[in-house]
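Asker: Okay, handing you the structure first.
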Amino acid sequence: MTETEIPEDHPRYASLVTRHRIEAGVEQGITSKQGLIAQGRGEAFDYLLGERTLPSADAAARAAAAALLAADHPALSVNGNVAALAPAETVDLAAAVDADLEVNLFNHTDERVRRIADHLRGHGADEVKGLVGDGEIPGLEHARGTVDADGIESADVVVVPLEDGDRAAALDAMGKTEIVIDLNPGSRSPRTADIPIIDNLIRAVPNVTTHARDLADVSPADLRTIVDSFDAEEALTEAEAAIREGEFERSA
Ligand code: ATP
């Protein structure tokens, strides 16, 4: 079945589309097989969250937009799942906040980096970083710590969707403002983040873009106030409570 053949009135439409995109990503050589496992974990948490954007995740998306707009040098890190699930939306966000797009893979191969870069260019990206690898994230082994010196290494604000905990901690140790998109509020990476967005990246990425467009004319001082008034701990607690209390309607 192709994506367009999935009936839109199917009760699990969004989930089926997501699975289809990840499967296609693996077939195209942009998503790793490990990415399939990550997808399965994400889907379970999305189900428990009611497959919706919680008010606390929306507040996080707004704070993220403000942080990106206030940044000197923002960067969006793109892995195989992000590229498969939301390529156009990611390119759109980078344009809205004038951020670098950098391919950065946990399971790195030069071939997959090139394919993802081509895929992003096919969705409108002008420049894609991550192909040079002349920078590093200190404290990580070479393969996991390699980044571009003029990209993630020198960025002051980074968006890392579906990041692994060690790299999230290492980026944090570099003093960057870190925005993590992850459906699991108990995972180490959102717990390390300055701004954890507990939401499906399919919903979160366009939501940050919408907030960025709304905040485009806001002064730097007011952007700073939005960022400073966001409470990461509270956002994580609210997401955990939503899961525990089961305040969701089963869609099937
Ligand atoms: P950590 O090292 O941070 O504890 P982890 O081991 O829990 O990470 P991984 O298996 O490395 O996590 O990656 C999967 C993570 O990505 C899970 O936390 C999962 O919830 C999240 N995830 C998967 N798909 C999505 C998605 N579409 N949107 C947001 N998060 C997702």
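Glycine is no exception: its Cβ is also placed from the backbone N, Cα and C atoms.
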Asker: Among Arg41, Arg224, which is the one TrEMBL gives for the ATP site where Arg19, Asp182, Leu183, Asn184, Arg188, Ser189, Asn200, Leu201 also bind?
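Answerer: Checking Arg41, Arg224 against TrEMBL: the ATP site match is Arg41.
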Asker: If you count CB neighbours within 10 Å, which one among the binding-site residues Arg19, Asn184, Leu201 has the smallest count?
Answerer: Arg19
Asker: Among all protein chains shown, how many Cβ atoms are found within 10 Å of the Cβ of Asp182 (ATP binding site), not counting that one?
Answerer: 30
Asker: Translate the DSSP assignment of Arg19 (ATP binding site) into the three-state scheme.
Answerer: helix
Asker: Run through the Cβ atoms and count how many others sit within 10 Å of the one on Ser189 (ATP binding site).
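Answerer: Within a 10 Å radius of the Cβ of Ser189 (ATP binding site) lie 24 other Cβ atoms.
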